[in-house]
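Pulled the feature table from TrEMBL, pasting it below:
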TRANSMEM  83-103  transmembrane segment
TRANSMEM  108-125  transmembrane segment
TRANSMEM  131-151  transmembrane segment
TRANSMEM  172-195  transmembrane segment
TRANSMEM  201-223  transmembrane segment
TRANSMEM  232-254  transmembrane segment
TRANSMEM  266-289  transmembrane segment
DOMAIN    335-419  domain 'PhoU'
DOMAIN    444-522  domain 'PhoU'
COILED    455-489  coiled coil
Amino acid sequence: MKTQIYNLLGGIGLLIFSLSMLSHSSQNYFSSWFHNKFKHKNVSKLYSLFEGIIFSFITESSTISATSYSSILEAGSIDFVNILYFICGVNIGASLIPVIILLNISVVPYLLIFAGTFIVIFVNKNTKKNIFNLGQILLSIGLLLVSLIYIKSGTIENQLIHLIKNNYISSFFVGIIIALIFRSSNAVVILLIPFVQNNIIGFNSALFIIIGANIGSAFYVLFKSYKQERHIIITSFIHLIINIMGAAAIYIIYLINPFFLYTTPYISLNIIILHILTNIFGSFFSILFSNPIVKGLLNNIYPLKADNSTKRFKYLNPIVTNTPSVAIEQCIKEISRMGEIALLNLEKSFNLIFDYRRNIINQIQKDEDLLDYLEDALMNFLTTLSMKNPTYGESEVIMNLYNMINDMERVGDHAINLLDLAEYKFNHYVNFSEEASVELKYFFELCHTSFSKALEALKNRDLEKVDEVVELEQKIDSVEKQLRKDHIDRLNKCICNPNSGMIFLDCLTNLERVGDHAYKIALTTRDIVKTLQ
């Protein structure tokens, strides 16, 4: 008896470990592919449905993480109706996994463990990340199958069996609890298979356990989304509604005639089909009422609240640190946003030198405060991300992003310097000569163009733009030297006064440094593109 209990406990522990490893390694292996699939806008609903089926079948999880949800939404590629279709596909695809368990090919688990272990030990994680993750996937699947062998040979206390057999409400709550522990209704079904094969748990009890597991797995996602962004919470509610609809449909069929659910003479296969039917019914009714569900959540259950705070991320969700490839993509978007804010501030500040208007100053200061906030927040995020064991290539990109954030923030500082010069010029009634004004505007256009092209290179991974910035940097340096020389000539000829000359030179210095930062950003972009290829 003790041996059987130990087998059961060991099998359950191994099952939890293997499911966790499978989910983590699969997410790492397919995250980039998954993210790229949804980069494009106007994704069709059927496409979302089938992508959900394929992705969840590969990654084993019906409670696919909020990270994956948010990476889709933050890419701006699909709406909540598409998300609903995608989750329906996720539920259906994940429920197909237990079918593999019934193949009962005894040699397969051990071959998978051998192959997976060989890859994990002898493949370098940093240089060949995908192969390493594939090895972890094979190893975790093998361990999962072996865990079922131990569970099948184990036993549970008679009191617990009696409780489940004679009380379907208890079975329902047992399903919820196990799903919350395992974080997946799919895992509960896999765990049930050896028990129903050994006639420890009957079909009716298993039915209510599955109903509870479906709802429990959705509650796990909902709990995880607590205090997260609005779109993640809405997505979690969509998941919960789909699972409740499926559970309700199966329960109604059970009340009408339980024999409708006995589809085969094999009870273990019946359990798997029951789980599949639960998700199919839930998906069918959710798709049927997709628009009312989404509109109800958006307008009534969780309406958009007015948010006057600009000090927050627009593209980056802090929970994506567990998926470095997605986190890096979103972080680059936020850094590009920093660059756009800095560029706009640069334009406003420079224009104030020639057309001073006080009403613009407050907005420039607010944007500078936002840049400071984004710098600190992104630095903290990258520090957290670097602790998540990224690959060597990802670590290189993270270091490059640190430098790029600093460059973006420094451009914002130069914009503030130009604002200070504009205020000094206005308060002291300083004027530029016509020649100095033309030269300064020309130099600003050069530096502005260089920084704009550097931002385009970063956003579009455009190496041609990088080359253009490199060429412009040489031109900026030579033009600056010439303008300084021309300025000295004007001073000697008394065309300009010393006060205006000081402001002119300071403007040149700040603009030239903007060009330097644009050059650094372009080179860093080149390194990032080469690393991510």
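Numbering starts at 1 and runs along the chain as displayed.
From the backbone N, Cα and C atoms, a Cβ is placed for every residue, glycine too.
Note: TrEMBL annotation is automatic and uncurated.
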Go ahead and report the DSSP secondary structure tallies for the domain 'PhoU' (444-522): helix first, then strand, then coil.
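For that range the per-state counts are 72 helix, 0 strand, 7 coil.
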With the transmembrane segment (108-125) as the reference, find which of 131-151, 201-223, 232-254, 266-289 contributes the most Cβ pairs under 8 Å.
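Answer is 131-151, with the largest number of Cβ pairs below 8 Å.
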Near the transmembrane segment (201-223), which same-chain residues lie under 8 Å Cβ to Cβ, leaving out any that are not at least 6 residues past its ends?
62-63, 65-66, 161, 164-165, 168-169, 171-180, 183-186, 188-189, 192, 195, 233, 236-237, 239-240, 242-244, 246-247, 250-251, 254, 258, 261-262, 267, 270-271, 274-275, 278-279, 282
With DSSP as the yardstick, break the domain 'PhoU' (335-419) down into helix, strand and coil residue counts.
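Across the domain 'PhoU' (335-419), the residues distribute as 77 helix, 0 strand, 8 coil.
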